Amino acid sequence: MTAILERRESESLWGRFCNWITSTENRLYIGWFGVLMIPTLLTATSVFIIAFIAAPPVDIDGIREPVSGSLLYGNNIISGAIIPTSAAIGLHFYPIWEAASVDEWLYNGGPYELIVLHFLLGVACYMGREWELSFRLGMRPWIAVAYSAPVAAAAAVFLIYPIGQGSFSDGMPLGISGTFNFMIVFQAEHNILMHPFHMLGVAGVFGGSLFSAMHGSLVTSSLIRETTENESANAGYRFGQEEETYNIVAAHGYFGRLIFQYASFNNSRSLHFFLAAWPVVGIWFTALGISTMAFNLNGFNFNQSVVDSQGRVINTWADIINRANLGMEVMHERNAHNFPLDLAAVEAPSTNG
């Protein structure tokens, strides 16, 4: 008997690289989306840290009145932020090489655009990487679908809203108090609290946290004990065990008697789909609401909508909100314009002279 041995061709360097990138045996999965995600998120994070610590003041309103945002220029963790790119730049793509000098680039808020654009690309690739890993492992794609909600929200406040308003200076500052300022100004200019899509988002976030707490407490309260009374019930679980770890029948019975029978899920798959879908759909709607308000399709306006038989206004809470909106609007960008847009839009009376 004769055995013929053939020499196996060695795999090319590119082939080995492809196998390493797409291998699910790596401690952290990279994937083709990861090839773009890693450098973009590293860039965004590095520039954010450096700018948060040391960036000079930025002329956000384009009126030669720089606003300080970094720690070395007098801020703390709460008040510090990456100041958005100047209104003088508008929506122009503003990389370092477009400025006459690095000082000019910093003065006009170039780091904000750099961070935001790299960050959005990075989180979009993170979402793609979630789908890619799910695909390689033979899983369904819903993890990436769920993550699309925060990606949509980030895109709405960092990209869609500035596009609608005509300038990156209207984007959300990258800091704690800057975020609050963005929220207050957004309410003043768009009446977001009276927008039904924002209401759906609030229901999604608060409802999601409520349902999460209810589910976690029900499961924890109906564990199948595998240990003695002297040991923690948590110690009875083995990773990968085939047996159920809690009694869904007991949990269903408890909750059905606490509220009513049909308020409780008796199907674990339906339950977990609901837990995922509720907050995700709510945040989708909020992102959609921000994106519509970006183009000034604002919240409901019920100002002075209730009057008596004599035509006199009977104030409602909508009028109280409107008064607060006017107060917030006259306080922000106080040197950029003399009157809020609502008042400035009124046609001036003609004079005979």
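Backbone N, Cα and C define each Cβ position, glycine as well.
As the structure is a computational prediction, the values presented were derived from the model and not from experiment.
Feature list (source: Swiss-Prot):
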- TYR126: pheophytin a binding site (BINDING)
- ASP170, GLU189, HIS332, GLU333, ASP342, ALA344: [CaMn4O5] cluster binding site (BINDING)
- HIS198: chlorophyll a PD1 binding site (BINDING)
- HIS215, HIS272: Fe cation binding site (BINDING)
- HIS215, SER264, PHE265: quinone binding site (BINDING)
- THR2: N-acetylthreonine (MOD_RES)
- TYR161: site 'Tyrosine radical intermediate' (SITE)
- HIS190: site 'Stabilizes free radical intermediate' (SITE)
- 29-46: transmembrane segment (TRANSMEM)
- 118-133: transmembrane segment (TRANSMEM)
- 142-156: transmembrane segment (TRANSMEM)
- 197-218: transmembrane segment (TRANSMEM)
- 274-288: transmembrane segment (TRANSMEM)
Spatial neighbours of the residue listed as 'pheophytin a binding site' that are distant in sequence (at least 6 apart) but have CB under 8 A: PHE33, MET37, LEU41, TYR147
Stretch-level contact, the transmembrane segment (142-156) and the transmembrane segment (29-46), CB cutoff 8 A, at least 3 pairs: no
Of the recorded positions listed as HIS190, PHE265, GLU333, the one whose CA lies nearest the CA of HIS215 (Fe cation binding site): PHE265
Structural state of ASP170 ([CaMn4O5] cluster binding site), classified by DSSP into three states: helix
Least Cβ-crowded entry, counting other Cβ within 10 Å, from the binding-site residues listed as ASP170, GLU189, GLU333: GLU333
Whole-number Å value for how far SER264 (quinone binding site) lies from GLU189 ([CaMn4O5] cluster binding site) (Cα to Cα): 42
Sparsest-packed among the recorded positions, when each Cβ's other Cβ atoms within 10 Å are tallied, from TYR161, PHE265: PHE265
Under 8 Å by Cβ from SER264 (quinone binding site), counting only residues of that chain that are 6 or more apart: ALA251, HIS252, PHE255, GLY256
For the transmembrane segment (29-46), sequence-distant contacts whose Cβ falls under 8 Å of one of its Cβ atoms, 6 or more beyond its ends: 20-23, 114-116, 118-119, 121-123, 125-126, 128-129, 131-133, 136
Pairwise Cα distance for HIS332 ([CaMn4O5] cluster binding site)/PHE265 (quinone binding site) [Å, integer]: 49
Structural state of GLU333 ([CaMn4O5] cluster binding site), classified by DSSP into three states: coil
GLU333 ([CaMn4O5] cluster binding site) and HIS198 (chlorophyll a PD1 binding site), distance between Cα atoms, whole Å: 25
Length of the line joining the Cα atoms of HIS272 (Fe cation binding site) and GLU333 ([CaMn4O5] cluster binding site), in Å: 46
